[in-house]
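Report on one structure; see the data block that follows.
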Amino acid sequence: MVNQSSPVGFFLLGFSEHPQLEKVLFFVVLCSYLLTLLGNTLILLLSTLDPRLHSPMYFFLSNLSFLDLCFTTTCVPQMLFNLWGPAKTISFLGCFVQLFIFLSLGTTECILLAVMAFDRYVAVCQPLHYATIIHPRLCCQLAAVAWTIGLVESVVQTPSTLRLPFCPHHQVDDFMCEVPALIRLSCGDTTYNEIQMAVASVFILVVPLSLILVSYGAIARAVLRISSAKGRRKAFGTCSSHLIVVTLFYSSVIAVYLQPKNPYARERGKFFGLFYAVGTPSLNPLIYTLRNKEVKRAFRRLLWKEVNPS
């Protein structure tokens, strides 16, 4: 599995051509990471401690929050180290671990967002049968499927990517070990890896996104059939947060993995990749808490319990 052409590791170029931008990005990434830790930990605590949030929607949201915590912790510490100092290196083992976890969690999030869309579809279109269809056992099974698909994808793609014959300079034109950047670093034939990435993109990006669009198409039709404006707002309110998260996540992922092969697209892809790795995990808890009355009420109940333990 270890590539003999990479005994030391890799140089993550990132934004090294713009040293002043790196200092700005250091503080942006640091603040985003702290916000990610705070927001997602808060959602996990509320979903665990408040019995009123023990529902399928918050079960899946807890999975998403845990995933985002792991997702950012995989890459942000190394990113901060590289942004702050002149050293831009990562060991081969560190690159392997980062790529393996990042691929696994990124794939899991794609599937999990589709599962959450299905949950919202049943809640809006089949409200009387919601508790019967989305029962706790099914929730656990759907979450397990999402995590398992992510693990399988990473087990398949990580070794084949790092077995490529890399160019002697080992300079990765990115701020982390990503499949597209490592393929560009190869000095050998990458046809198999590019086909593998294209097939994975179809099954992991296009198929879940299509299922999400179908779900929201059915939701839109159901909402438009509601006669009262208040009822329509309430129905749409149950889906709006998830729809915003899906839009932010998939737009950045597609920009990273389906970008054209030219220098301008690569440079632009770095910023999309940065937003994908750091921005969306920090925004997710804000979107779900600021737009969700149940979460805000749960937070107030938790604070009141801490202030008045009796």
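Even glycines carry a Cβ here, placed using N, Cα and C.
Unlike curated records, TrEMBL annotations are generated automatically.
Small disclaimer: the values here were computed from a predicted structure and weren't measured.
The transmembrane segment annotation in TrEMBL covers 24-46 (among others).
The domain 'G-protein coupled receptors family 1 profile' annotation in TrEMBL covers 39-288. Confidence annotation: the domain 'G-protein coupled receptors family 1 profile' (39-288) carries a mean pLDDT of 88 in the model.
Per TrEMBL, transmembrane segment is recorded for 58-84 (among others).
What TrEMBL records for 90-118 (among others) is transmembrane segment.
The annotation transmembrane segment is assigned in TrEMBL to 138-156 (among others). With a cut-off of 8 Å between Cβ atoms, the residues of this chain six or more beyond the transmembrane segment (138-156) that come close are 56, 59-60, 63, 99-101, 103-109, 111-112, 115, 118, 196, 200, 204.
As annotated by TrEMBL, transmembrane segment applies to 198-224 (among others).
Beyond the transmembrane segment (236-259), the same-chain residues lying 6 or more positions past its ends with a Cβ under 8 Å from any Cβ of the stretch are 106, 109-110, 113, 116-117, 120, 123-124, 178-180, 197, 201, 205, 209, 212, 216, 219, 223, 265-266, 268-269, 272-273, 275-276, 279-280, 283-284, 287-288, 291-292. Among the features that TrEMBL reports, transmembrane segment is placed at 236-259 (among others).
Look at TrEMBL and you will find 271-290 (among others) tagged as transmembrane segment.
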